[in-house]
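A.B. asks: Found this in Swiss-Prot, in case it helps:
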{"type": "ACT_SITE", "residues": "LYS190", "note": "active site"}
{"type": "BINDING", "residues": "ASP34, GLN35, GLU36, ARG93, GLN94", "note": "ATP binding site"}
{"type": "BINDING", "residues": "HIS127", "note": "Mg(2+) 1 binding site"}
{"type": "BINDING", "residues": "ASP167", "note": "Mg(2+) 2 binding site"}
{"type": "BINDING", "residues": "ARG192, ASP216, ASP220, SER221, GLY222, GLY223, THR224", "note": "D-ribose 5-phosphate binding site"}
Amino acid sequence: MKVFAGNSNRLLAEAICNYLNLPLGKATVRRFADQEIFVEIGENVRGEDVFIVQSTSFPTNDHLMELLIMIDAVRRSSARRITAVLPYFGYARQDRKPGPRTPISAKLVANLITEAGADRVLTLDLHAGQIQGFFDIPTDNLYAIPILARDVKENYNLKNVMVVSPDVGGVVRARALAKRLDCLLAIVDKRRDRPGESEVMNVIGEVNGKDCLLIDDIVDSGGTLCNAAEALLKNGATSVTAYITHGVLSGGAVARVTSSMLKELVITDSIQPTTAVQSAHNIRVISTAALLGEAISRTSQEESVSSLFD
């Protein structure tokens, strides 16, 4: 077994290798003067079970091309099996046609990864579960809920916790955490007037005097979370913390979060944190290395990964 990584999330790749007690594979990813991407694998992979760790996060297209070219390089080097490990799967929000004459980009990206030569895909908290079906190769979609629940138990009195979904679409995910913590569930009902903006309307559930935990898969602009936090506090919540798997945090999101009423934003390292994220006083990053490392180990040894979903 060998593990390689592109440039998108080398810190996580190194942490995964530390968990597996393996060195990170030698690979060079560089650009020519015209910005074409060039990949060179620096060690023998013939007959090896190869795992390539690459989040297709910002800059999404560059990191996606790095992944595809790296898969091709490993395939042409006679690897026995190639697993694309995608802690964050970019384009996942384009999982359906929002109108006429529009693409389903998530399906296109799945096709590209398959055609490049990947034999398996391992990912984390896909934005929509049906994206698993976009791949024509075995795909394991791990859940971050166990990691988030463990952190909540270490930092909160569960008797005073209320799990909150920031919108109706995230109720299933929030319910899974609430069930694991044996806590009550509330929902923030919001209306989005235009793309990139969200207006909180009302809170469904009694949050007065509760430590509210907003749960979602992606935080992008941060507008939804900040508005939800304000609404919850107006309804009597003692504090509001957000637990989000993927910290996209584009544009002015970090500044928006740091100046908001959120007590804390807890994200995973599925996307490598920027300097701004690392220096923010109310943003904390927790590791997925053990979860992904264990899944990689079991996959390589042909063992079941189903217990990792519990």
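Each Cβ is built from the backbone N, Cα and C atoms, and glycine gets one as well.
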A.B. asks: Could you give the maximum C-alpha to C-alpha distance in Å for the residues ASP34, GLN35, GLU36, ARG93, GLN94 that bind ATP per the record?
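C.D. replies: Value for the max Cα separation, rounded to a whole number: 30 Å.
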A.B. asks: To the nearest Å, how far is the Cα of the residue listed as 'active site' from the Cα of ASP167 (Mg(2+) 2 binding site)?
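C.D. replies: The Cα atom of the residue listed as 'active site' is 6 Å away from the Cα atom of ASP167 (Mg(2+) 2 binding site).
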A.B. asks: Taking 10 A as the limit, how many CB atoms besides its own sit near the CB of ASP34 (ATP binding site)?
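C.D. replies: Within a 10 Å radius of the Cβ of ASP34 (ATP binding site) lie 5 other Cβ atoms.
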A.B. asks: At 10 angstroms around each C-beta, which of the binding-site residues GLU36, ASP216, ASP220 has the fewest other C-beta atoms nearby?
C.D. replies: GLU36
A.B. asks: Going by DSSP, is THR224 (D-ribose 5-phosphate binding site) part of a helix, a strand, or coil?
C.D. replies: helix
A.B. asks: Using only C-alpha positions, which one of HIS127, ASP220, GLY222, GLY223, THR224 is spatially nearest ASP34 (ATP binding site)? These are the binding-site residues in the record.
C.D. replies: ASP220
A.B. asks: Looking at the binding-site residues listed here (GLN35, ARG93, GLN94, HIS127, ASP167), whose Cα lies nearest to that of GLY223 (D-ribose 5-phosphate binding site)?
C.D. replies: ASP167
